[in-house]
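Following: one structure in structure tokens, then a few remarks.
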Amino acid sequence: MGRFIFMSFGFLVVFLSLSGTAADCPSDWSSYEGHCYKPFSEPKNWADAENFCTQQHAGGHLVSFQSSEEADFVVKLAFQTFGHSIFWMGLSNVWNQCNWQWSNAAMLRYKAWAEESYCVYFKSTNNKWRSRACRMMAQFVCEFQA
């Protein structure tokens with residue numbers, strides 16, 4: 001009987017140590033598919049939010065979505081945490097890398113862009129993306145790989 005209890009306990013310890021990746025995330029972060037996520041309520045502009053995320057954990061950044069399932073998880077997390085709001089994600093046009101072309105197919109050689117850059121946010125009510133000036137304030141979600 002003692003041997004059975006000992007072996008059962010051993011299997012339980014092994015099972016618990018191998019199950020789930022939630023243990024890889026800090027206790028106040030949420031885990032999904034090997035990544036850790038946390039919404040933050042203090043509004044920041046896009047650059048300050050990205051900088052803040054890099055300081056939270058090694059490899060941290062504003063959230064980036066690799067699938068609709070991941071986006072659904074993060075949108076639900078943001079809504080459950082703060083209700084209706086908008087949240088920055090890591091997508092932006094800060095470096096103005098768009099390949100613009102004139103309607104007559106001529107290459108864009110002369111540029112006179114305003115200093116405004118645009119960054120992407122999502123609403124916590126759906127996972128539809130929108131852009132706005134990066135200088136605007138919004139809540140945000142940080143992410144790092146567990």
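The backbone N, Cα and C atoms fix where each Cβ goes, glycine too.
Cβ neighbours within 10 Å of Gln66 (Ca(2+) binding site), excluding its own Cβ and spanning all shown chains: 9. Annotation comment: Swiss-Prot describes Ser64, Gln66, Glu70, Glu143 as Ca(2+) binding site.
Under the DSSP three-state reduction, Cys36 (disulfide bond) is assigned to strand. Taken from Swiss-Prot, the feature disulfide bond covers Cys25-Cys36 (among others), and the record attributes it to experimental evidence.
Within 10 Å of the C-beta atom of Cys53 (disulfide bond) sit 24 other C-beta atoms, taking all shown protein chains into account. DSSP assigns Cys53 (disulfide bond) to a helical segment in the three-state reduction. Positions annotated as disulfide bond by Swiss-Prot, on the basis of experimental evidence: Cys53-Cys142 (among others).
The disulfide bond annotation in Swiss-Prot covers Cys119-Cys134 (among others).
According to Swiss-Prot, the domain 'C-type lectin' annotation covers 24-146, on the basis of sequence analysis.
Residues or ranges marked as signal peptide in Swiss-Prot: 1-23.
Within 10 Å of Cys142 (disulfide bond), as judged by C-alpha distances, the recorded positions found are Cys36, Ser64; the full candidate list was Cys36, Ser64, Gln66, Cys134. Counting Cβ atoms from all protein chains shown, Cys134 (disulfide bond) has 21 others lying within 10 Å of its own Cβ. Residues in the domain 'C-type lectin' (24-146) partition by DSSP class (helix H, G, I; strand E, B; coil) as 27 helix, 43 strand, 53 coil.
Figure note: comparing Cβ neighbours within 10 Å for the binding-site residues Glu70, Glu143, the maximum is reached by Glu143.
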